[in-house]
């Protein structure tokens, strides 16, 4: 006798379990959804995300750090003016560090133009700068005579190589995935808000609830008491 109700209950539970998305939408608070959507839209209105801004700051740090090391190298060799004239005006590929400084300027301009001004969401720009930097530094280390000039013959090429690859790692594993995840969250929140609006079309806001004025209710009660008092007592 209890088999039919049990079967009906099992069928109902299976149908409920097969529609978890509807159950989730029912449990969503519309106020929280709107707050999330507004926060995501606020980030989009900024024009640049926080993680992308951090990447641009690191690219700027790359240029400033290499420039600082190059200026120190100019001072160590006997004065900025004399060494600058020797490395720039009398440029020699095998002994000058000026090209490493220009390589940092090249990375800075390309990456800031691509990821700060144009706001690209692809890795091709940084792949190009990293490939050019790696190839140039490897060729310079093999062909030039930097290692015979002291510690800076090791420091500047190694630092430039490491910074270029850190920029590549940071963009590919932090900036692009995090921005894609935030965009997916915004789409999910918008879709959930649309479903909630379709499932609850008649939900009223706080200002739409109507309550009768207290004076009317009080007058009805007073009239009923008056009628009861006027009835003759038998």
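One is the number of the first residue shown, and numbering goes on along the chain from there.
Placed from the backbone N, Cα and C atoms, the Cβ positions cover glycine too.
Just so you know, TrEMBL annotations never went through curation; they're auto-generated.
Features reported for this protein in TrEMBL:
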type: COMPBIAS; residues: 1-10; note: compositional bias 'Basic and acidic residues'
type: DOMAIN; residues: 48-219; note: domain 'MENTAL'
type: REGION; residues: 1-21; note: region 'Disordered'
type: REGION; residues: 204-234; note: region 'Disordered'
type: TRANSMEM; residues: 55-76; note: transmembrane segment
type: TRANSMEM; residues: 96-116; note: transmembrane segment
type: TRANSMEM; residues: 123-145; note: transmembrane segment
type: TRANSMEM; residues: 151-171; note: transmembrane segment
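At the 8 Å Cβ cutoff, the transmembrane segment (55-76) and the transmembrane segment (123-145) share fewer than 3 close pairs (sequence separation 6 or more) and do not count as touching. Away from its own ends, the transmembrane segment (151-171) comes close to residues 54-55, 58-59, 62, 65-66, 69-70, 72-73, 76, 97, 100, 103-104, 107, 111, 115, 123, 126-127, 129-130, 133-134, 137, 140-141 of its chain (Cβ-Cβ under 8 Å, at least six residues beyond either end).
The average pLDDT computed over the domain 'MENTAL' (48-219) stands at 85.
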